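Asks: Annotated substrate binding site per TrEMBL: D7, S8, Y39, G40, N71, T72, T195, H196, in sequence order. Positions annotated as active site, proton donor/acceptor by TrEMBL: C70, C194.
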Amino acid sequence: MAVGIFDSGLGGLTVLDAVTKRLPDVPFVYFGDNAHAPYGVRDADDVYALTTAAVERMFGAGCDLVILACNTASAAALRRMQESWIPHDKRVLGVFVPLIEALTERSWGDNSPPREVEVKHVALFATPATVASRAFQRELAFRAIGVDVEAQACGGVVDAIEDGDMILAEALVRSHVDALKRKMPDPQAAILGCTHYPIMHDAFQVALGEDVSVYSQANLVAESLADYLERHPKMVGAGTESKFLTTGDVRKVSDRATQFLRRQITFEAA
Ligand code: DGL
């Protein structure tokens, strides 16, 4: 039994950490496509090609269910994958919907018509590709009316995190929050719409101020996966072993992952 967790690099570890704590008996196969990160500056065809190659590898490692713990891949490739690529006995799920359901006060899979919600002014921080896709606004419009979303493409943040340059990452977060505030001075909520960004959660919270509720995906995705597996227990695939796969430099990626998760993580070549 194994469930796949995919990201372009290290960001999906924020989701892996939460799902491992929520579902300690499920083996997880993590795949970081570090050699090709960041995805956020690539076009949709490129993201589709890289994501399908990685997911294929995870099917090969015994996963029947793969979570795209990458907003960029969820925004740029998931719909096309679901329409024509995913084999009938496999599932690939994204990370957008659980977050938008939480923001719009909905329970899992509530597909009732859009309605007014408490939050009116939302700041979205995401990669350039996710912002350009407008996927977040589309999913939100299915569920809520009257919500003003201001999106800020956070160029450079993923690269800095992948390089382990946290000082640069923090400076970039501050400057992206400033840019957002020039467009929307008083957001009520902020969405960290990239799984790398929770690593910088405190920097976002300080720059935004204490009154802004900062939403990130890890725990929401963990809850929604637990719920999904309860309803579809057979989707825990044939793999029995947890492992960490990367297309990048095995030692460098293992060191960074160990630093982020504060426990020994050993990657192997994908
Ligand atoms: N963690 C990915 C996301 O959630 C980062 C994308 C990238 O590699 O730029 O969007």
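Even glycines carry a Cβ here, placed using N, Cα and C.
Automatic, uncurated: that is what TrEMBL annotation is.
Note that this is a predicted model, so its numbers are computed, not measured.
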Asks: With a 10 Å radius around each C-beta, find which of these binding-site residues (N71, H196) has the fewest other C-beta atoms nearby.
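Replies: Relative to the other binding-site residues in N71, H196, H196 has the fewest Cβ atoms within 10 Å.
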Asks: Write down the Cα-Cα distance for C70 (active site, proton donor/acceptor) and C194 (active site, proton donor/acceptor), rounded and given in Å.
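Replies: A Cα-Cα distance of 7 Å.
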Asks: Can you count the other CB atoms that lie within 10 A of the CB of G40 (substrate binding site)?
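Replies: Taking all protein chains shown, G40 (substrate binding site) has 28 Cβ neighbours within 10 Å.
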Asks: Measure from the Cβ of T72 (substrate binding site) and count the other Cβ atoms within 10 Å, all protein chains considered.
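Replies: Its Cβ shell of radius 10 Å holds 34 other Cβ atoms.
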Asks: Validating a neighbour-count step here. Other CB atoms within 10 A of the CB of C194 (active site, proton donor/acceptor): how many?
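Replies: Other Cβ atoms within 10 Å of C194 (active site, proton donor/acceptor): 33.
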